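What TrEMBL annotates here:
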| type | residues | note |
| --- | --- | --- |
| TRANSMEM | 20-44 | transmembrane segment |
| DOMAIN | 35-288 | domain 'G-protein coupled receptors family 1 profile' |
| TRANSMEM | 56-77 | transmembrane segment |
| TRANSMEM | 97-116 | transmembrane segment |
| TRANSMEM | 137-162 | transmembrane segment |
| TRANSMEM | 182-204 | transmembrane segment |
| TRANSMEM | 233-259 | transmembrane segment |
Amino acid sequence: MPGGWNASSDSPELRAAGIIVPIIFSLIFLLGTVGNGLVLAVLLRNGQVKYNTTNLFILNLAMADLCFIICCVPFQATIYTLDGWLFGAFACKAVHFLIYLTMYASSFTLAAVSVDRQVYLAIRYPLESRDVRTSRNAGVAIVVIWSLSLLFAGPYLSYYQIVHYHRVPICIPIWEDQRRKILDMVTFVFGYLLPVTVVSLAYARTIKFLWTSVDPIERISESRKAKRKVTKMIVAVAILFCLCWLPHHLVILCFWFGHFPFNRATYACRLASHCLSYANSCLNPIIYALISKHFRKRFKQVFTCLFFQNKTRKKKKRVEKKVHVVNVGKGFTNSTRGFCGGNTEVTQVPEENTRKRVPEGASHDARAWSHQLQDAMVSVQKELLEEESLATAGHPLAMTPPRGTEEFLTIHYR
C-alpha cells in the first residue's frame, strides 16, 4: 500500500504471504467451487426446491457463495502475491463490487431464512404459515434481496480505481476519507449489524420454543425432531457468517475510530480477516453435510451418478465393437433403471468360459449366432451388475433377467 511499510517486495512478511496466501486461497476456491456446486446439484435435481422455501433460500445462498468464489477469490489472491494489479480498471471496480454484492446477498438471505423459520410463522401457527411460506413468496423475497444488494453495493463501482504508485498499477479506494468512512459505516450497519440482530432475535425465539416447550405430544414427534435438525443447520450457518465476517468489520472500525498503523501486526490482522471472511463461502456445504442426513445422502448420490457416467464414457471409448439391444423382455428392462437412468447400448465383453457348447453337428451359421447371443447376454448382465452396484446399491430389483425373457429383436456390429 502507498506509504506503508509493506510496499516493499523485499519484506519477509510479504514473501511469506506470497507463499501462504496462494495455498489458503486455492483451498478456499477448490472447496467452495466443489461444495457449492454440489449443493446446487442436490437442490436442483428432481425439483428439490420447488415447494420448499428453506431450500430456495439455501439455493440462493449457495449461488451467492459460488459467484463470490469464482469471480472474486482468484483476483483477490493476487493482491498479496503480485506487485501490482494486472487486470485493468474494469476488473478493479467489478471485483470489489461483487465482493460486497455477494456479502449483502448472503447476509440478507440469512436474515430472511431466520424470519422464515421463526416461531410465529413456521412453528406456533403452522396452518397460517402455509399461506405465507410459499415458493412464490420466497421467490419475491429473493428478488428483493438481490435488489437491495445491488442498491447497497452500487457505490463500490466508483469506490476503487487504478492508481500508479512508483509506476506500478494498484487498485485502491480513491474516495476522500469522509465519504469512505460513511460508506464503510453503512456497509457495517446494513450488511452486518442489522442482519445479525435480526438473525439473533429470530433464532432466539425459535430455539426457545423448540427446546423448552413442554407439549407431551409434540415433544416426541418426528416433526419436532426434523424441525430441530433444520434449525441447527441454519443456526450453524448463521453463526459461521457472523464469526467469519466479524474480524473484517473490526479491522475497518479500528482503522476509522482507533489507532491502526501500517505495521507487521496490522498487516497480519488484515490478512487473517480477509482469509477468514473469504473462507465463509466454502464452509456452508460442510455444515450441510455434517448436520443433515438428507444432504449427505444426496451428495453421495450425485458423486455416484457422476462416477458411473464417467466410467461408462471411458469404457465406450476403449471398446470399438458394440452391441445395440433394441428390445429386451419386461423383467429385464426394469432392472436397468437406476439413479442415473437406464441405457440400452451395452458393450460387448468376450467371455469364452461362459459360452455353452454348441452341438458339433450344428451348422456354422447356427454356431456363430449362438456365440453372438451368448456374448450379448454376458455383456448385458455385466453392465447391469456394474450399474446397479454403482447407482442403486442395495436395490431390491433382480440383477439378472428371468428365464424366457432373452428376446433380442436386432443385434448388429459396427
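Here the Cβ of each residue, glycine as well, is placed from N, Cα and C on the backbone.
Automated prediction, rather than curation, is the source of TrEMBL annotations.
Note that the coordinates shown come from a computational prediction; the quantities given were computed from them, not determined experimentally.
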Surrounding residues of the transmembrane segment (182-204) on its own chain - C-beta under 8 Å, 6+ positions past either end: 100, 103-104, 107-108, 110-111, 114-115, 117-118, 152, 155-156, 159, 175, 231, 234-235, 238, 242, 245-246, 249, 252-253, 256
Cβ pairs under 8 Å between the transmembrane segment (137-162) and the transmembrane segment (56-77), at least three: yes
Model confidence over the domain 'G-protein coupled receptors family 1 profile' (35-288), averaged pLDDT: 85
